[in-house]
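Peer 1: Handing you a structure now.
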Amino acid sequence: MFARQTLRAAQPFRSQYRRYATESSSSGSNTALYTGVAAAVAGAGYYFMSQGDNAAKVKDAAKDAEAKAKEALGQGQAKVEGAVGKAAFTGGDQGFISLKLDSVELVNHNTKKFRFELPESDQVSGLHVTSALITKYKGPEMQKPAIRPYTPTSDEGEKGFIDLLVKKYPNGVMSEHMHEMVPGQRLDFKGPIPKYAWSANKHDHIALIAGGTGITPMYQLARAIFNNPADKTKVTLVFANVTEEDILLKREFEDLENTYPQRFRAFYVLDNPPKSWKGGKGFINKELLKTVLPEPKSENIKLFVCGPPGMYKAISGGKVSPSDQGELAGILKELGYSKDQVYKF
């Protein structure tokens, strides 16, 4: 796979990057439930016809079939609700919820993985794909609380906890506070904060252009796509970091690459690579993006960008506000992409 190969000259490989084979479709359903309901109704219909003018028996059979159908549908609905679970975060006027820190795992020299317990063990977070949570912390000498958004890396269907990957930034009030936290302490959360509404096969091909911890919503989206057998979206990841050690979730992306080599490809770029590095060097540039991204004239594509301010400026231009995507600028505009083909997290 190309993500482990040297980035060679762009042109000879362009056609290779553009090609993806189609995989067979498979998806789960409630077939057994609906078949049972249909059988009950069909059986009653047959009984009606076979009994002629026996009105009392026909009426009793109809009631029995209706009751069985309702019971089957009720059981199916309960099964679905049980699988989804109760939501810890419901948005609206819910306000902040205090969550207890369960565990802390050192990921690299400046990043930790934090697992917070949800209020109840059978609850799910309530987040949808590409949504985030707001954290709040007010220290004893702080006049105003620090408010920061984070995208959980735990699966939306996981019950009882959420996971966050947090990089410690110099003078970053929230990240410094979290890196000092120990299990048993608490932090306030609120959400969910919706971003880009995703549904299976919404786009034929998407590209994820990320820098640093901007990878978290990208991972959330890629995981949802490949966890859904019905979703056949093709995914290209371009991920920039300072050093190889800074590449977060690389093992998870390598697993996707190994499992779906015809639908998922990853390209890594390092500002300070080791001598043995065979990937991209420096910054994400126009030549690389022109080579690996779906062409601007392609139908039904979407490009997602998430990273530090300097990356936004160079790649796509920044957002005006959380609700205003702003105009498209930078390399993506130069390559001919339109504003509606790009989403900035």
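Sequential numbering from 1, following the chain as shown.
Keep in mind that glycine also has a Cβ here, set from the backbone N, Cα and C atoms.
Among the features that Swiss-Prot reports, transmembrane segment is placed at 31-47. What Swiss-Prot lists as domain 'FAD-binding FR-type' is 94-199. Per Swiss-Prot, the feature FAD binding site maps to 202-237.
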Peer 1: Counting only residues 6+ away in sequence within the same chain, which have a CB under 8 Å from the CB of Asn227 (FAD binding site)?
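Peer 2: Looking at Cβ-Cβ distances below 8 Å from Asn227 (FAD binding site), excluding near sequence neighbours, one finds Asp155.
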Peer 1: Where does the mean pLDDT land for the domain 'FAD-binding FR-type' (94-199)?
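Peer 2: In the predicted model, the domain 'FAD-binding FR-type' (94-199) has a mean pLDDT of 96.
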Peer 1: Would you please pick out, from the binding-site residues Gly212, Pro217, the one with the fewest other Cβ atoms within 10 Å of its Cβ?
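Peer 2: Relative to the other binding-site residues in Gly212, Pro217, Gly212 has the fewest Cβ atoms within 10 Å.
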Peer 1: Let me know how many other Cβ atoms fall within 10 Å of the Cβ of Ala207 (FAD binding site).
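Peer 2: Counting Cβ neighbours of Ala207 (FAD binding site) within 10 Å gives 25.
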Peer 1: Is Ala207 (FAD binding site) helix, strand or coil when read with DSSP?
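Peer 2: Strand, per DSSP.
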